[in-house]
Number of protein chains: 2
Amino acid sequence: MARVYNFSAGPAVLPEQVLREAAAEMLDYRGSGMSVMEMSHRSKTYQGILDEAEADLRGLIGIPDNYRVLFLQGGASQQFAMIPMNLMKNRVADYIVTGQWAKKAWQEAAKYGTANKIASSEDQTYSYIPDCSDLPVSENADYVYICENNTIYGTKFKTLPNTKGKPLVADVSSCFLSEPVDITKYALMYGGVQKNIGPAGVVIVIIREDLITEDVLPGTPTMLQYKIHADAGSLYNTPPAYGIYICGKVFKWLKDLGGLSAIQKMNEEKAAVLYDFLDESSLFKGTVRRQDRSLMNVPFITGSDELDAKFVMEAKEHGLENLKGHRSVGGMRASIYNAMPMEGVRSLVEFMKKFEMENK
Amino acid sequence: MARVYNFSAGPAVLPEQVLREAAAEMLDYRGSGMSVMEMSHRSKTYQGILDEAEADLRGLIGIPDNYRVLFLQGGASQQFAMIPMNLMKNRVADYIVTGQWAKKAWQEAAKYGTANKIASSEDQTYSYIPDCSDLPVSENADYVYICENNTIYGTKFKTLPNTKGKPLVADVSSCFLSEPVDITKYALMYGGVQKNIGPAGVVIVIIREDLITEDVLPGTPTMLQYKIHADAGSLYNTPPAYGIYICGKVFKWLKDLGGLSAIQKMNEEKAAVLYDFLDESSLFKGTVRRQDRSLMNVPFITGSDELDAKFVMEAKEHGLENLKGHRSVGGMRASIYNAMPMEGVRSLVEFMKKFEMENK
């Protein structure tokens with residue numbers, strides 16, 4: 001067995017310890033005589049797994065009692081519809097469009113009401129976060145929406161927008177649990193888990209209780225109502241049980257590391273190694289405005305499509321995988337999520353240095 | 001490690017060989033250097049897994065080219081909305097209500113149009129399948145809907161309903177791949193995989209191509225449109241990648257066993273052992289009309305709630321798990337899906353005999 005350094009933007013690297021535990025428990029979860037995959041979701045054993053996952057997540061973030069935690073299916077893409085269907089009471093919402101995913105969310109919301117694009121960074125290929133300190137937030141907006149970390153473009157909101165009292169809804173898929181957050185600043189925070197937390201097929205929604213109502217848009221499917229899932233403790237129907245179990249292991253791993261402050265420090269150190277090199281390199285350069293740089297996704301280019309392709313190919317031969325950038329940015333992208341070890345980032349930078357020397 | 005015999009109705013027992021392979025590949029899938037959980041869904045390796053799973057499923061069932069296979073999320077419960085939202089062009093559909101799941105599907109469809117209950121077996125706690133040879137199918141029905149195997153009640157359609165030319169839509173969650181089927185008799189066949197195929201979080205939809213159109217009901221979320229997923233080859237967004245990988249392994253396991261005819265024979269033999277005993281027992285009796293008995297789910301009772309509870313408890317002590325019946329039927333239920341070995345059924349019957357002797 002030889003593990004590579006996997007810089008995939010998602011699904012992405014998971015902690016090796018989590019995978020080892022999952023493998024060891026595959027045929028017999030702790031004396032139950034069965035795999036977690038084979039377990040009734042109504043069993044005490046599985047309820048224990050679910051409860052512990054939720055409790056650990058609440059502990060990590062510091063989620064107060066007036067927020068509910070939901071483990072759902074359909075990914076962020078399904079939330080793009082579920083959010084307006086549940087929250088658009090006035091049929092008005094404001095969207096800050098800082099990338100492809102925020103744009104898709106905005107376009108989907110427009111099916112259900114007036115979705116205003118109140119800010120955007122599309123003019124410069126989403127390479128920065130617009131100033132959101134005094135935006136024209138709509139008088140009757142049901143919420144203001146952001147994608148907090150933009151996976152494709154490598155930007156992150158360092159300051160949350162001033163929503164002028166309107167509820168803030170945030171897609172945190174690619175920065176979930178990467179640093180401490182004040183959840184009380186959000187009305188709804190959600191993310192697909194396949195970047196920083198677990199296997200694809202689970203989306204976690206953390207929602208303030210007062211936003212969970214029966215008053216949804218006409219025609220909203222039962223499965224797309226937050227209240228249905230909240231009332232059933234995420235067990236309205238069979239949940240993505242194995243995925244939640246893996247998420248629970250990642251929560252434990254994070255707790256053992258020291259929680260979100262500890263992982264933030266590690267993430268900052270890892271990102272600094274890469275960004276510092278990019279800032280001094282004569283070949284590679286980052287594509288994002290410095291103050292908006294993500295700790296998780298680091299796009300960079302050489303300026304030559306040919307060299308970019310050569311770099312991605314040679315990196316792969318050196319066990320540095322999935323460094324090709326998204327087609328809308330080009331170049332390279334290194335996703336350095338929680339589970340990417342410092343050695344992975346150092347190996348990447350060492351290889352970049354070598355490549356730079358060889359391709360002067 | 002001691003494996004139990006797990007008679008859970010779902011999530012349910014999986015082939016031990018599949019679990020062993022999954023455990024062995026957990027940290028390094030065939031030299032890729034990563035777990036399937038960590039793999040980009042846009043990678044060649046993952047595309048290979050997905051393509052092979054689809055090809056094997058097509059081979060097993062014998063799916064012709066004019067049907068599409070979709071691997072989706074949200075379970076059967078989400079299909080309850082997705083089906084009418086996509087297929088109710090005339091806003092009329094006919095439902096045959098043979099259990100709780102068919103009833104839920106019918107109730108959900110009523111949100112989107114006229115959902116007619118054209119037959120039901122609710123009068124006798126769904127313990128039989130109604131005669132469906134000459135039902136009052138609506139002139140303008142967009143489809144006729146059945147739940148082909150009723151997990152809770154242990155009934156199965158042995159003959160498909162006469163839909164009088166209307167498209168047949170069938171939930172086959174609990175009989176998926178348990179015997180050969182003529183897919184051309186169905187317009188849409190779907191099932192959650194967590195009973196007979198894989199881990200919860202994947203639903204497979206097999207749909208005739210002409211039913212996949214852009215003409216869906218207003219307000220249908222993008223993620224609930226068959227066309228979106230069909231056009232993207234089940235990769236519109238990140239799929240439940242690990243679950244699909246496990247499904248693929250189960251398809252291979254079935255192929256190696258000899259396909260659906262072979263598994264049907266094994267299922268018939270297993271079910272016969274249990275039903276034959278029930279027919280001769282003086283303590284236990286089956287709850288389903290003989291000609292409608294499911295090969296997969298076998299509910300039975302002693303007639304005494306006290307004895308039922310005692311049986312379930314003592315069976316558990318003997319490594320025979322999850323035999324408690326659904327609360328709406330009471331008593332016991334043994335789910336004997338494809339992956340339940342004959343020895344499991346024999347052990348159960350041996351234990352029932354012993355229990356009967358001891359509790360005369």
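A Cβ is built for glycine as well, from the same backbone N, Cα and C atoms used for every other residue.
Those TrEMBL annotations? Automatic predictions, nothing curated.
Taken from TrEMBL, the feature domain 'Aminotransferase class V' covers A:4-348.
For A:Arg42 (L-glutamate binding site), the same-chain residues that are 6 or more apart in sequence and have a Cβ closer than 8 Å to its Cβ are A:Leu235. The feature L-glutamate binding site is assigned by TrEMBL to A:Arg42.
If you look up TrEMBL, you'll see A:Ala76, A:Ser77, A:Trp101, A:Thr151, A:Asp171, A:Gln194, A:Asn237, A:Thr238 marked as pyridoxal 5'-phosphate binding site. Around the Cβ of A:Asp171 (pyridoxal 5'-phosphate binding site), 28 further Cβ atoms fall within 10 Å across all displayed protein chains.
For the recorded site, A:Lys195 (N6-(pyridoxal phosphate)lysine), the DSSP three-state label reads coil. Taking a C-beta cut-off of under 8 Å and a sequence gap of six or more, A:Lys195 (N6-(pyridoxal phosphate)lysine) has these contacts in its own chain: A:Ala9, A:Gly10, A:Pro11, A:Ala12, A:Thr151, A:Ser173, A:Ser174, A:Phe176, A:Met296, A:Ser335, A:Tyr337. Here TrEMBL flags A:Lys195 as N6-(pyridoxal phosphate)lysine.
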CB contacts for A:Asn237 (pyridoxal 5'-phosphate binding site) [other CB atoms within 10 A, all chains]: 21
Sparsest-packed among the binding-site residues, when each Cβ's other Cβ atoms within 10 Å are tallied, from A:Ser77, A:Gln194: A:Ser77
Assigned element (helix, strand, coil) containing A:Asp171 (pyridoxal 5'-phosphate binding site), judged by DSSP: strand
Cβ-based proximity (under 8 Å) of the binding-site residues A:Thr151, A:Gln194, A:Asn237, A:Thr238 to chain B, or none: A:Gln194, A:Asn237, A:Thr238
Tertiary neighbours of A:Ala76 (pyridoxal 5'-phosphate binding site) (same chain, Cβ under 8 Å, six or more apart): A:Trp101, A:Ala105, A:Asp171, A:Ser173, A:Tyr190, A:Gly191, A:Gly192, A:Val203
Confidence summary (mean pLDDT) of the domain 'Aminotransferase class V' (A:4-348): 97
In the chain carrying A:Thr238 (pyridoxal 5'-phosphate binding site), residues 6 or more apart in sequence that have Cβ under 8 angstroms from it: A:His41
